[in-house]
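Structure first, then comments.
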């Protein structure tokens, strides 16, 4: 082991791999739960709106897929002999998609809950809810793009 390739370098990559899936799953779970509560509350009086109002739950689930993609990519590039640079890049990629997915899940949950409740009373609010949900979903997509760019730079010319 050299100073560029210490024995603990893969630990940072493993933490990046775990944080990608953990934080995006937390965001997706919050978004699903918060939107689901709004759907259940509105479908008591308007059961015909169930399938129309399921959009926030689907969009919250997509956030977890972003974390899964990055987690699998980081996991496949983990190695026993790895540069510290690579471990830090993998950690950054995992945190990038994970924390942006957490924020996107929170936004989707809050907007989905309020939007579903509002659109059951005023159907014209549905289009506005969808537009706001798209902007919230893009927050997670930004983190995915940054994570993929970081992961593509993880294998530099450092030889262990």
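Here the Cβ of each residue, glycine as well, is placed from N, Cα and C on the backbone.
For 1-8 (among others), the entry in Swiss-Prot reads topological domain 'Vacuolar', with the evidence type sequence analysis. Listed by sequence, the residues of this chain that lie at least six past the ends of the topological domain 'Vacuolar' (1-8) yet keep a Cβ under 8 A from its Cβ atoms are 81-85, 158, 160.
Residues 56-57, 59-64, 66-68, 70-71, 74-75, 77-80, 82-84, 86-88, 90-95, 97-99, 101-109, 112, 140, 147 of the same chain lie 6 or more positions beyond the ends of the transmembrane segment (9-31) yet place their CB under 8 Å from a CB of it. What Swiss-Prot records for 9-31 (among others) is transmembrane segment.
The annotation topological domain 'Cytoplasmic' is assigned in Swiss-Prot to 32-53 (among others). DSSP states for the topological domain 'Cytoplasmic' (32-53), grouped as helix (H, G, I), strand (E, B) and coil, give 17 helix, 0 strand, 5 coil.
Marked as transmembrane segment by Swiss-Prot: 54-74 (among others).
When averaged over the topological domain 'Vacuolar' (75-90), pLDDT in the model lands at 87. Feature annotation from Swiss-Prot assigns topological domain 'Vacuolar' to 75-90 (among others).
What Swiss-Prot records for 91-112 (among others) is transmembrane segment.
With a threshold of 8 Å between CB atoms, the same-chain residues lying at least 6 positions outside the topological domain 'Cytoplasmic' (113-124) that come near it are 34-35, 37-39, 41-42, 45-46, 49, 53, 56, 132-133. Look at Swiss-Prot and you will find 113-124 (among others) tagged as topological domain 'Cytoplasmic', backed by sequence analysis.
Under the heading transmembrane segment, Swiss-Prot lists 125-150 (among others), citing sequence analysis as support.
In three-state terms derived from DSSP, residue 137 (site 'Essential for proton translocation') belongs to a helical segment. Neighbours of residue 137 (site 'Essential for proton translocation'), defined as other CB atoms within 10 A of its CB across all chains, total 20. Annotation source Swiss-Prot lists site 'Essential for proton translocation' at 137.
Under the heading topological domain 'Vacuolar', Swiss-Prot lists 151-160 (among others). With a threshold of 8 Å between CB atoms, the same-chain residues lying at least 6 positions outside the topological domain 'Vacuolar' (151-160) that come near it are 1-2, 4-5, 70, 73-74, 77, 81-83, 85-86, 89-90, 93.
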DSSP helix/strand/coil residue counts for the topological domain 'Vacuolar' (75-90): 9 helix, 0 strand, 7 coil
